[in-house]
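Let me begin by presenting the structure, written as structure tokens, before commenting on it.
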Amino acid sequence: MPQEIVFCKGGGCTAKLGPDLLSHVLAKLPRGEKDSNLLIGYDSCDDAAVYKISDDTAVVQTLDFFPPMVDDPYTFGQIAAANALSDIYAMGGTVKTALNIVCFPEKMDLNILGKIMQGGADKVIEAGGTLAGGHSIADSDVKYGLSVMGTVHPEHIYSNNTGQPSDVLILTKKLGVGLVCNANRVGEAPLGAIEDAVSSMTTLNKAASEISHAFDIHACTDVTGFSFLGHLSEMLNDDITALIDSISIPVITGALRCADEFFLTAAAQRNRNHVGDKVCFAKNIPFSMEEVLFDPQTSGGLLFAVKASEADAFLHELKAAGLPAAKVGRFVKRRDVPIYVN
């Protein structure tokens, strides 16, 4: 009989603290003396920290861990690792090293932990990185993830809020994994839904990031726990508004049905509360699509703002690599509402 791990109430990126609460806490942290080599820190909404160490090299640092959202230990390890590695790719970087972060009950079968860590190690190897160590503590619930270090040229960093009017928005993965995993937790996921979700969550964003280096990318982020609309809102600046074409959004098999059947998450509601007043939905947008756009993603895709004249060629290369990428909208000059969904 296969060994399984127990689902947690908030597995994957649904376990994140809400953005409002997090912003409140971070605002109170002391800044200390400004270091000119810290190119990106926690005072921005970017996906990782970036520290310049020479004229042609900067270190990219990130970490991510969470409870399980699937019952197979090896698959959970793969997903958790792919999710942690993604932040390096979102910054335009290359993965170098990773450290395990482990919380594990002392009375649980250690073979389960071994499978989780094997799944994570295999993804680090696939990313071209080296698993260099880690840290573990005894805990009441299973949690796993990675601290990851990568490198990027200081002049080629992808920031998330440097998009320009007329940029085309390209998303590299489907949305809706939170809805599907929530339905699967109670055995109600539609046929083929969890398989599609797992396939998406275990796919590295490495290929998408590497392909992007040949194009004029103005901004990038990865879509994770704060949802498509939450992370899109972090890409906005004073000069731009986002116009989203909901029909073009790639969606996980069965996710819209899961929304219609109210397999919703508290994290999605937090996302709606946080960013909902920045979004204008057209009257014909169904509730299920709204929920997909507010749905917390685990190991979600990259969202690129690319120069309009290069968008078609970029999308062609992404699709040629087997990615379910799509043009999902564009930036225009600032309007009354930050985000319009049509």
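Just so you know, glycine gets a Cβ as well, placed from its N, Cα and C.
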Which of ASP35, ASP46, ASP47, ASP139 belongs with ASP87, ASP222 in the Mg(2+) site listed by Swiss-Prot: ASP47
Other C-beta atoms that fall within 10 angstroms of the C-beta of ASP87 (Mg(2+) binding site): 26
Residues that sit under 8 angstroms from CYS45 (ATP binding site) by C-beta distance, when 6+ apart in the chain: ASN160, ASN161, GLU234
Chain-mates of ASP47, ASP87, ASP222 with C-beta within 8 Å of site centroid, Mg(2+): ASP46, ALA48, THR62, SER86, ILE88, TYR89, ALA90, MET91, THR221, THR224
GLY134 (ATP binding site) versus binding-site residues ASP47, ASP87, ASP222 - nearest by Cα: ASP87
For ASP47 (Mg(2+) binding site), nearby residues of its own chain (Cβ under 8 Å, 6 or more apart in sequence): THR62, SER86, ASP87, ALA90, MET91, ASN160, THR221, ASP222
